[in-house]
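Before any comments, here is the structure.
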Protein chains: 2
Amino acid sequence: MRVLGIDPGLTRCGVGVIEGDPGRPPALLLADVVRTPADAETGQRLAALERSLVQYVAEYRPDAIAVERVFARRDVSTIIGTAQASGVVLLVGTRAGLQVAQHTPSEVKAAITGSGRADKAQVGQMVMRILKLDAPPKPADAADAVALAVCHLWRAPAIARIQQAQVRRELVQAQAMARARAANRRKLA
Amino acid sequence: MRVLGIDPGLTRCGVGVIEGDPGRPPALLLADVVRTPADAETGQRLAALERSLVQYVAEYRPDAIAVERVFARRDVSTIIGTAQASGVVLLVGTRAGLQVAQHTPSEVKAAITGSGRADKAQVGQMVMRILKLDAPPKPADAADAVALAVCHLWRAPAIARIQQAQVRRELVQAQAMARARAANRRKLA
C-alpha cells in the first residue's frame, strides 16, 4: 500500500510518500515541501497547491491520502489558510477516487510513539527508525507529512479490521434471526 | 458587469448572480443555494460544491466572483468547513481566470446600507430596493450571496479608481523628476 501524507499549509505544505506491505518495513519514496508566495492572492496560492498535488498523485499513484485534521483554535492566525489548504487536499484526493483519511496530531503521535503527547523530536526519531533512515526526513516541514503517512499505513488495517468485525457481527446476528424464524415456523407447522 | 456572489458553507452555500452597468439599476439573474449532505465525507462535499460552482460559472459567465472573507472566530464550530468551502470558491474562480474578491460582512453591510452594523433585515430590505424586487431574494441563504454581489459591483469601480489615481500620481511624479533632471542638465551645460 502506498500512502501520500500531507501536512497542509499555504506557505509551506509538507508532502511525504511511503510504501509498505505486511511483514516488511515501509520505505520512504518522497519527502518534500510545496511553497506558495505569501504576497500572492489566496486563490492563486490554492491553485498552485492544487497543481502540485495533482502532479504528486499522477507521479506516485498512491492508494490513499492521509491529511492532518484541522481544528479551530482561537490563537492561530493562519488557521483559515491551513483549513483552505486541507480542503484542496481532500478535493484532489476525492476527485482522484482515492481513500482520503484525516488524522489528528494526537492520533499521529500515538500511532508512531505510543503516546499522544510525544514531542516533535520523539516523533522524528521514531519515523527515522521505522523507515530505517540515517536522519529524520528533510526538509523539516516534510517530516510531519511522512509521520501522517506512517500513521495511516498502521491505522488503515486496524480500521479495516473494525469494519470487517462489524460486518461479521451483523452477519452472525442476521443468521441467528433467520434460525429463530425457521424454528418458529417449524413450531407453528 | 456580471458578478457571482457566494456566501460560503458546506451544508448550505448561498449563490447569487447580478448584472449591472453604470447608470442602470442592477438586475438579479440567480438566487440559489447549494446543499451537501452533512453525513457525507468532507472531500465528497467539497467535490460536489466544486462541480456546482463550475456549472454556475459556465452557465452565467460572470466577470467577477465576490465571496465572503472568512475569519477565525473561536465560538464557531463550523468555521473549518466554511473556510474549506471558501477555498473551493477561490480555487474555481482563479482557475476560470476571473476577478475574485473577498469582502467582509461589515464591508457588505456598509456598501449596501451605509452602516457596517446593519442587521440582516436592513440589508435584505436595501437589496430588495436596489434590485427592484417585490420581496428579498429567496431562499434566505441566497440573500447574503446576492448582497455580496451588489457590494462587489459597487466597490469594484471605487477600487479601480483608487488604482488609477495611484498610477496617475506615479506618472506625475515621474514626469516631475524627468523635468527636474532636464533642468539640471541645462544648468550644467
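Quick reminder: no glycine exception, Cβ is built from N, Cα and C everywhere.
Look at B:D7 (Mg(2+) 1 binding site): DSSP puts it in a strand. Sequence-distant neighbours of B:D7 (Mg(2+) 1 binding site): residues of the same chain at least 6 apart with a C-beta under 8 Å from its C-beta are B:C13, B:G14, B:V15, B:V67, B:E68, B:D141, B:A142, B:D144, B:A145, B:L148. The Mg(2+) 1 binding site annotation in TrEMBL covers B:D7, B:D141.
Feature annotation from TrEMBL assigns active site to B:D7 (among others).
For B:E68 (Mg(2+) 2 binding site), the number of other Cβ atoms no farther than 10 Å from its own Cβ, over all displayed protein chains, is 25. As annotated by TrEMBL, Mg(2+) 2 binding site applies to B:E68.
What TrEMBL lists as active site is B:E68 (among others).
B:D141 (Mg(2+) 1 binding site) falls within a helix when secondary structure is assigned with DSSP. Around the Cβ of B:D141 (Mg(2+) 1 binding site), the number of neighbouring Cβ atoms within 10 Å comes to 21. Taken from TrEMBL, the feature active site covers B:D141 (among others).
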